[in-house]
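The following features are taken from TrEMBL:
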type	residues	note
DOMAIN	12-425	domain 'TRAP C4-dicarboxylate transport system permease DctM subunit'
TRANSMEM	5-22	transmembrane segment
TRANSMEM	28-46	transmembrane segment
TRANSMEM	58-81	transmembrane segment
TRANSMEM	101-129	transmembrane segment
TRANSMEM	141-165	transmembrane segment
TRANSMEM	177-199	transmembrane segment
TRANSMEM	220-240	transmembrane segment
TRANSMEM	246-264	transmembrane segment
TRANSMEM	276-301	transmembrane segment
TRANSMEM	321-338	transmembrane segment
TRANSMEM	350-373	transmembrane segment
TRANSMEM	402-430	transmembrane segment
Amino acid sequence: MDTTLIVLCSIFAMLGMMAFGLPVAVSMILVSATGMMLSVGGNYTLTTFTTLPYSVAGNYTFAAIPMFVFMGMLAGATGIIKDIYQAANMWLARVRGGLYMATTIAAAAFGAVNGSTIVGAALFTRIALPEMIALKYDRGIAAGCIIGAGTFAAMIPPSITIVLYGVLTSESVGQLLLAGIIPGLLTGVIYLVGIAVMVRVRPSWAPPPVQRHTMREKFGSLKTVWPIGIVSFIVVGGIYSGLVSPSAAGAVGALAVLIVGLLLKRMERGAIVTCFADTAVITAALFFIVMGGTAFSRLLLVTGFVDNLLDFVAGSGLEPWMVIASLVLVYLVLGMLMDPISMMVMTVPIVHPLVVGLGYDPIWFAIIMVKLIELSCMTPPVGINIFAVVGSSQGQINTKQAYFGVIPFVVMEILVLAVLLSIPSLTLYLPQMMIG
């Protein structure tokens with residue numbers, strides 16, 4: 001049987017299994033095992049799946065994931081994120097749309113200690129949404145702001161999405177994490193400018209500012225933001241300087257958050273146990289997904305599918321930029337139909353070697369891919385952050401309002417994507433500084 005046909009049949013079978021509700025990891029493992037049996041025989045397949053769990057678990061890079069997850073869980077439990085939000089709100093209280101901006105700033109800060117977009121979206125729904133509704137902010141736009149700002153965690157280190165990408169592609173996780181800093185900050189700036197323009201064009205989306213705070217109160221609020229700065233400096237500074245690996249940086253960062261929580265007397269024993277348990281559950285799920293993605297990569301390798309795909313693209317006469325543009329459009333559509341982790345694990349083993357084979361920088365494309373995954377978290381109808389916000393709002397927001405409210409922020413994300421596609425140096429500056 002033709003190996004290319006085996007892979008194509010495997011992909012369609014995998015999509016069919018997922019359509020019937022089978023978990024993506026199970027689907028990928030089943031089709032990978034079947035495809036290997038048909039293409040290279042039972043002995044290779046048995047050997048692969050005997051060693052695969054250990055090879056994934058023994059990958060030192062994967063150790064960064066539980067560390068970053070645990071750090072985010074601890075940060076949420078200490079309440080330091082609420083301090084950041086309140087400080088930002090105090091400084092922006094006299095600005096129309098100030099709560100939108102405060103949410104954006106606080107979400108960017110939370111992204112520096114948390115790698116999960118869902119956790120960020122759910123947390124800010126509980127922190128920011130009630131106050132926005134009480135002050136008569138537009139409910140849909142308020143939800144859209146939280147949905148969009150929650151995705152910052154996918155780009156700003158320590159990003160679980162970026163670490164997963166590094167595990168799946170064997171790219172340097174340290175360089176990938178550093179590459180996400182400038183795009184993450186750029187996204188935050190675009191949000192702030194976009195919000196300012198938005199509430200000026202549509203004043204009904206944000207009420208006139210009514211709160212006043214003295215300069216003493218404003219500067220006093222800054223005393224509460226030091227924990228985030230310290231933890232972010234430890235994680236990012238440690239990786240950039242080369243003193244610690246990403247995995248070690250995650251461990252040191254988690255320890256730093258724990259110490260901060262204990263110093264502030266906000267960390268109870270029960271909360272620590274809960275953080276451990278939640279981290280174990282999330283890590284186990286991600287381990288299973290990575291194992292499925294690795295198995296699928298092995299299938300592509302033994303069948304020579306990627307090499308055949310490269311030969312096909314080379315013979316088609318398409319310019320490399322046309323291939324990139326086509327991939328971006330495909331991912332924008334996929335993001336409306338699939339959850340982000342499934343989309344990444346299924347497609348990266350095919351797309352990453354294709355793009356590298358066309359001569360593009362793998363670090364740059366990784367960040368483009370992460371930005372597309374960010375978009376998939378917030379694009380209707382399957383945007384996972386939409387349902388995280390609606391589900392955490394306790395009935396204050398419905399799905400229709402969230403679908404409408406997220407549209408302006410999707411436009412802002414597409415604008416950032418266009419800038420990153422046009423100016424690769426924004427992405428590559430810090431990684432290149434790191435190596436040389």
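Backbone N, Cα and C atoms are what each Cβ position is placed from, and that goes for glycine too.
Counting only same-chain residues 6+ beyond the ends of the transmembrane segment (28-46), those with a CB under 8 A from a CB of the stretch are 1, 3, 6-7, 9-11, 13-14, 17, 291-293, 295-296, 298-299, 302-303, 345-346. Mean pLDDT across the domain 'TRAP C4-dicarboxylate transport system permease DctM subunit' (12-425) comes to 86 in this model. With a cut-off of 8 Å on Cβ pairs spaced 6 or more residues apart, the transmembrane segment (177-199) and the transmembrane segment (402-430) reach 3 or more such pairs and are scored as touching.
Outside the transmembrane segment (402-430), and at least 6 residues removed from its termini, the chain residues within Cβ reach (under 8 Å) are 138-145, 147-148, 151, 178-179, 181-183, 186-187, 190-191, 194, 198, 240, 324, 328, 361, 363-364, 367-368, 371-372, 374-375, 378-381, 383, 386, 389-390. The transmembrane segment (350-373) shares the most Cβ pairs under 8 Å with 141-165, out of the stretches 5-22, 58-81, 141-165, 246-264, 276-301. When each of 58-81, 141-165, 246-264, 276-301 is scored by its Cβ pairs under 8 Å to the transmembrane segment (5-22), the top-ranked stretch turns out to be 276-301. Between the transmembrane segment (276-301) and the stretches 58-81, 141-165, 246-264, it is 58-81 that has the most C-beta pairs under 8 angstroms.
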